[in-house]
Amino acid sequence: MLATMVARISFSPLVPAITDSYGVSNGLIGVALTGMWFTYGMAQFPSGVLANRYGERRIILVATGGTMLTCLLITAAPLFFLFTAGTILLGAVAGMHYSVATTLLSRTYDNVGTAIGVHHLGGAVGGLLGPIGASWLLDQYGWQQAVIGSALIAGIAFVLFLWRVRPVKPQNPDSKLDRQSTVNTALQSLRRPRVALLMFVTILIMFVLQGLISFLPTFFVEFYQRSTELAGILFAIFFGTQAVMQTGVGVMSDHIDSDKIISSCLAVGIVGFGLLLTSGRFVVIVAGSVLLGFGAAVLTVLIAQIMNSLPEGERSSSFGLTQSVVMVGGSLGSVSVGLLADLYGWHAAFSVLTALFGLAFLTYVLDPTNARPTSRRSEPTDSEQTTAAND
């Protein structure tokens with residue numbers, strides 16, 4: 001996850017340089033980044049279906065190798081529309097990794113929350129080091145060289161995964177790739193009230209995070225007139241906090257009430273937004289970045305709850321579909337923040353993100369489904385519920 005995260009996150013501190021290089025607005029950059037996150041989301045479901053038949057290892061190798069190649073293509077784009085096409089392709093190949101890797105972890109380990117937390121740690125480390133490294137390469141050489149650095153990391157990940165991870169038996173190697181039946185089966189899982197509510201909350205959080213990932217460094221530069229280097233460091237603080245906290249909350253969710261963990265993370269994130277919007281003092285900005293990172297860690301527990309709510313036999317495809325819906329909905333965060341910033345300013349754009357984080361908090365706390373699984377076992381199937389009722 002570190003490699004694909006670095007490739008996507010490292011664009012954040014490069015946004016001002018890319019806008020200058022191509023002579024485009026924040027809104028157009030937002031469109032390019034939204035395209036990347038959109039295809040990242042769209043790739044989740046088909047990659048899960050393919051993993052069911054061909055195995056997770058092959059799909060993850062395609063994802064890491066494809067990430068390396070598309071990063072190199074982006075650096076050679078002479079026109080902005082080619083740059084945009086490259087980011088869209090990058091999202092598609094990088095998106096083949098996440099749901100497949102998460103399913104592989106759920107098949108391998110009993111403590112799903114812990115496993116997902118450690119997996120996310122790799123992504124958060126990428127989010128911590130990627131912007132710092134990209135900012136340094138930007139200052140020394142240019143934004144294209146910073147993207148080449150991302151390609152190098154993806155290449156290393158490809159070689160290590162090929163060398164160290166053994167092939168895993170596919171869950172359904174003899175199944176036909178019947179798209180209609182596969183989609184119908186996955187949709188049955190998504191119609192469960194608990195899964196639907198968790199997905200709605202996760203979409204809100206993902207929308208906010210996509211906006212932050214794309215424009216938080218630019219917010220520091222343009223709204224508070226901080227340097228690009230300092231903005232990269234503040235962004236790294238945000239991701240560093242997320243790295244520490246998401247591993248911790250993942251472990252805790254396997255042993256204590258995950259509902260309290262999710263509610264606490266969301267509440268802390270709202271406070272973090274408030275600090276970022278009320279003061280430009282350095283210490284306040286740092287505190288806000290830390291609290292915002294704490295709040296962002298909620299995704300680990302939300303995703304573990306979604307996974308625990310799905311039937312085990314179809315987790316690759318069903319979880320892939322949930323992630324496609326979540327990522328596609330969340331991908332609109334980039335273009336929305338960019339357009340809001342262009343039209344109404346950064347304070348208005350980040351105020352909207354704050355309101356959405358608050359909506360996620362209220363929705364989760366007031367959960368009308370009243371079904372909050374905390375164990376690894378999935379919710380009972382329809383046949384199980386019928387049997388229980390007859391008993």
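Backbone N, Cα and C define each Cβ position, glycine as well.
A TrEMBL annotation is a machine prediction, not a hand-curated record.
Per TrEMBL, the listed range annotated as transmembrane segment is 118-137 (candidates: 58-77, 118-137). The highest tally of CB pairs under 8 A with the transmembrane segment (230-249), across 27-47, 261-278, 284-307, 319-340, 346-366, is held by 284-307. When each of the listed stretches 27-47, 118-137, 143-163, 261-278, 284-307 is scored by C-beta pairs under 8 angstroms to the transmembrane segment (346-366), 261-278 comes out highest.
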